[in-house]
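Q: Can you keep this structure in mind? I'll have questions shortly.
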Amino acid sequence: MRIARVVVARLALRALGLIPQLFASIAVARKLDVNEYALYQTISTRVSTYSMFVPQVLGYWAYRYTVQGIRGSLKMYLLVLLLAACGGFLLAFTMARLMGADIPTSLLLAVMLYFVVIVRGLSRVLGGVRPILADAAEVCGKLLYVSLIALSVFVMDGLDVQKVALYQIAGITLTIVILTLETLVAYLREPLCTRCIREWVRGAWLPFLRHASMLLIAMDVLVVLNVIRDSHYTIAAFMVVSLAARTISWLAITSVAPLHAFVLETSDVISANNVSRIILVLFALFLGYIAARPEQVVAIFNPVYVHVAAAAQLVAAATLVTIMLNIVDGIIQGMDKSTAVKPGMILKASSLTRIVSSLAYLVLLYASLCVVNDQVEAVWAWAASLLAARVLNMMLIAYVARRYGVSLSLASLAYPIAYFVIAWLVASIVAPVGYSPLALQDAMLVLTGVVYTAPVYIVLVMLVDPGLRSLARLTVEKYVRVR
C-alpha cells in the first residue's frame, strides 16, 4: 500500500528526529527554573496556537487545494503566513512582558515565534504533497537545535530561556532554507492564485469553527493564570507531566496526517483503516507504559514534579483518544470532496463537534480549578478536564461518522482502548519500579520496561483483536509472494 509506505517513512523520520528532541526537552525542563519554563512553554505551545489561527483557517483549504494541484495556491498561502507571523511577533512579545520577562527575552521569544508560525504553516501544507521532504527538513532543523542545546549544556556556561529561543530560531531557519531550495522555488514560479484567497475567505467559516476549537483549547493557560494563585508552577508542572504524552501525540498525529490526503485522492478507506490500526497498536504501548509508570517518565524530564506525576495517567488516556479522534476525523473528511465554495456536510459537522468539545473543556477546567485546594489538585483537575473533553469529542465525531454513512463500529473504537489497558496492566506487572534523580538512569528504566512489556503486549493484542491477526496474516502472505 502506498499510504502504508508513506506513513512508515514519516514515522521513521519523525522518530529519528524525536531522539535528539527528547534530549533537548529534558535539558530545557531541567535547566530552566519554574518561571522560565512556564514562560517558554506558554509561548511555544499556547501563544503559537493563537498566532497560527488565521494560517490554520485559510491553510485548511490551502492544504486541500495544493493536494488537488491548483496552481498558485501555495504561493498565496505563503503571503498569508508572512502576515500572520508579524502578528505572532507582537502577540508573543506582549505575552512575555505580561508574564514578567524583560525586554531582550521578550524580543527573542517573539522572533522565535515569528519563525515558528512560518515553518508550521509550510510543513502543514507541504506535508500533503511532499511529506517525506517536509519531515526530512524538519529533522535537519531539530538536529541543529539539539546540537546547540548540547553545546550550551556541556561546553558553555549553561542554559537559559534566551539561549533556548535563539537555538530554536537557528533550527527553524535551517528547515525553512531546505524547504525553500527543494520545493518552494518551484511553487513560487507559479502565478499567484488570486481566486484562491477569495474562495478560502468565502469558505473560511468552516475551518474557522475547526481551528477556533484549537484556539479555545490553547486558552487553558489563560484560565490557569487567572484562577490559580501560583500559576507559573502549575503551568510548569502540567507541561512536564504531559510532555511525554504530547510527544507521542505529535509523533502519531503527524505520521497519520497523510491519511486525509490519501482518502481525498483515492477514496480507499480500507487501506487507511488498516494503517491506522497499526499506528494505534504501536502508540497504545507507550501510552499504557506512561499510565503504569508515570513517576519514571516524569523523572526523566525533571524529578521536581514527580509528586504530581500520577496525573500523567489521565493525560495518557486523553492522548490515546486524541490520536483516535484525529485518525477518524481525517478519514471522514477525506471522503468529503467539496471545495471552499461549497463545503460538504461532513466537514461542517466535524468542525462543529470540535468547537463544542473545546468549549466544554474550558468550562470544565474553570469549574474544577475553582474548587481545588492546592497545586497537585490543580494539575489533576487540568488533566481530568482534558480527558473529559477528548472523550466528548470522540463520541460526537463517531456520531457524525455513522450519521453520514462512514463505517465505524463500536468495536473499532473499543479495540484501541483495549490495547491501552493491556499495555497498562502488563507494564504494571513486568516493568521495573522506582525512579532516579538522574535522567539517563530513568531513561534506561523506561527503555527496559518497554522492552519487557512489548512481547507480552503484542501477543495479548493479537489474541484479543481478530482483525489485527487477519491483517498480519495478509501482510506475511504478501511478503512471501513477493519473495
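Using N, Cα and C of the backbone, Cβ positions are placed for all residues, glycine too.
What TrEMBL says about a protein is an automatic prediction, not a curated fact.
According to TrEMBL, the protein carries these features:
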- 48-65: transmembrane segment (TRANSMEM)
- 77-97: transmembrane segment (TRANSMEM)
- 103-122: transmembrane segment (TRANSMEM)
- 165-188: transmembrane segment (TRANSMEM)
- 208-228: transmembrane segment (TRANSMEM)
- 234-263: transmembrane segment (TRANSMEM)
- 275-292: transmembrane segment (TRANSMEM)
- 304-328: transmembrane segment (TRANSMEM)
- 349-367: transmembrane segment (TRANSMEM)
- 379-401: transmembrane segment (TRANSMEM)
- 413-431: transmembrane segment (TRANSMEM)
- 443-464: transmembrane segment (TRANSMEM)
Q: Any contact between the transmembrane segment (208-228) and the transmembrane segment (443-464)? By contact I mean 3+ C-beta pairs closer than 8 Å, pairs at least 6 apart along the chain.
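A: These two segments do not touch.
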Q: Does the chain bring the transmembrane segment (103-122) near the transmembrane segment (48-65), so that three or more CB pairs sit under 8 Å (pairs 6 or more apart in sequence)?
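A: Yes, these stretches are in contact.
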Q: Below 8 angstroms Cβ to Cβ, which residues of this chain, lying six or more residues outside the transmembrane segment (234-263), approach it?
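A: Counting only partners 6 or more residues beyond its ends, the transmembrane segment (234-263) has Cβ contacts under 8 Å with 2-3, 6-7, 10-11, 14-15, 18, 21-22, 25, 29, 34, 37-38, 41-42, 45, 63, 67, 127-128, 131, 135, 221, 224-225, 228, 269, 271-272, 275-276, 279, 283, 286-287, 290, 294, 297-298, 300-302, 305, 308-309, 311-312, 315-316, 318-319, 322-323, 326-327, 330-331, 333-335, 375, 378-379, 382-383.
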Q: Which sequence positions outside the transmembrane segment (304-328), separated from its termini by at least 6 residues, show Cβ-Cβ distances below 8 Å to it?
A: 236-238, 240-242, 244-246, 248-249, 252-253, 256, 259, 276, 279-280, 283-284, 287-288, 290-291, 294-295, 297-298, 375-376, 379-380, 382-384, 386-387, 390-391, 393-394, 397-398, 401, 408, 413, 416-417, 420, 435
Q: With the transmembrane segment (413-431) as the reference, find which of 77-97, 275-292, 443-464 contributes the most Cβ pairs under 8 Å.
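A: Selected stretch: 275-292, with the most Cβ pairs under 8 Å.
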Q: Please indicate, using numbers and ranges, the residues of the same chain that are 6 or more beyond the transmembrane segment (77-97) and have a C-beta under 8 Å from a C-beta there.
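A: Same-chain contacts beyond the flanks: 39, 42-43, 47-48, 50-52, 54-55, 58-59, 62, 66, 103, 105-107, 109-118, 121-122, 125, 184, 188, 197.
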